[in-house]
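Q: Residues annotated as transmembrane segment in TrEMBL: 9-29, 41-62, 83-106, 112-132, 153-171, 183-209.
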C-alpha cells in the first residue's frame with residue numbers, strides 16, 4: 001500500500017475536520033450573536049454546507065474513485081440528479097428514524113430535519129461522492145471485508161463513528177441537569193459532529209497501522 005495515498009487521505013480528512021472548526025468560528029465575525037449553542041440551527045446549516053462543499057471539491061480534485069466509463073454530459077446530469085434525489089431521500093429516512101427513536105413528531109420538526117441533514121452530510125454525501133448513486137456498491141462497502149480501497153475503509157469508519165456519536169449524544173437529553181446543550185437536538189448533533197471528526201482522524205491512523213494486513217483486491 002502506497003504511503004502517498006495514505007497521506008492524501010490524511011490531508012483530505014484533516015481539511016474536513018478543519019472545515020467544521022471554521023464553521024463554528026468564522027460565522028461569528030459576520031452574524032451578530034452567532035454561537036454553536038445559541039444559534040444552533042444556523043450552525044447546523046453552516047456546518048452542513050461547509051462539509052458538503054469541501055467533500056465535493058476534494059472528490060473532484062483528488063478523484064479517489066475510478067471515473068465511470070460513460071462521461072457524456074447527459075450522463076453526468078443524470079448522475080447529479082440521482083445524487084440529489086438520494087441525498088434528499090436520505091434526509092427523509094434519517095428524519096423518520098430519529099422520530100422513531102423518540103424525537104418529537106410535530107414539535108421541533110425543523111430542528112429534527114436539520115439534524116437529519118447534518119447526519120446525511122456526514123454519511124450519505126460521502127457515499128455519493130465516492131461510490132455514486134449505486135446502492136449495490138454501498139452494500140458491498142458496508143459488508144464485512146467489502147472495502148476495496150483506503151478511501152472506502154475511511155468511509156466505513158467515519159460513517160459508523162458519526163452514527164455512534166449521534167446515538168451516544170442522545171444519552172444526556174433525559175437527564176435532569178438543566179443544561180443549555182441538552183435542548184434537542186444540540187447534544188445529538190454535537191455527538192455526531194465529534195464522532196465524525198474522530199472518524200476522520202482515526203481512519204488514516206488505523207489504515208496506516210494495519211497497512212500490512214490490508215490487501216485490497218478487485219472484485
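Each position is counted from 1, following the chain as shown.
Here the Cβ of each residue, glycine as well, is placed from N, Cα and C on the backbone.
Describe each of these features in terms of where it is and what it packs against.
A: If one looks beyond the transmembrane segment (41-62) by at least 6 residues along the same chain, the residues whose Cβ comes under 8 Å of a Cβ in the stretch are 8, 12, 15-16, 19-20, 22-24, 27, 31, 34-35, 110-111, 114-115, 117-118, 121-122, 125-126, 129-130, 189, 193.
Within the same chain, residues 41, 44-45, 47-48, 51-52, 55-56, 58-59, 64-65, 68, 79, 83, 86-87, 90-92, 94-95, 98-99, 103-104, 138, 141, 151-152, 155, 158-159, 162-163, 166, 184-185, 188-189, 192-193, 196 sit at least 6 positions outside the transmembrane segment (112-132) and bring their C-beta atoms closer than 8 Å to a C-beta of that stretch.
Outside the transmembrane segment (183-209), and at least 6 residues removed from its termini, the chain residues within Cβ reach (under 8 Å) are 1, 6, 9-10, 13-14, 16-17, 20, 36-37, 40, 44, 47, 98, 103-104, 108, 111-112, 114-115, 118-119, 122, 150, 153-154, 157-173.
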Q: Taking a Cβ cut-off under 8 Å, which residues six or more beyond the ends of the transmembrane segment (153-171) line up next to it in the same chain?
A: 9, 13, 101-102, 115, 119, 122-123, 126-127, 130-131, 141-142, 147, 187-196, 198-200, 202-204, 206-207, 214
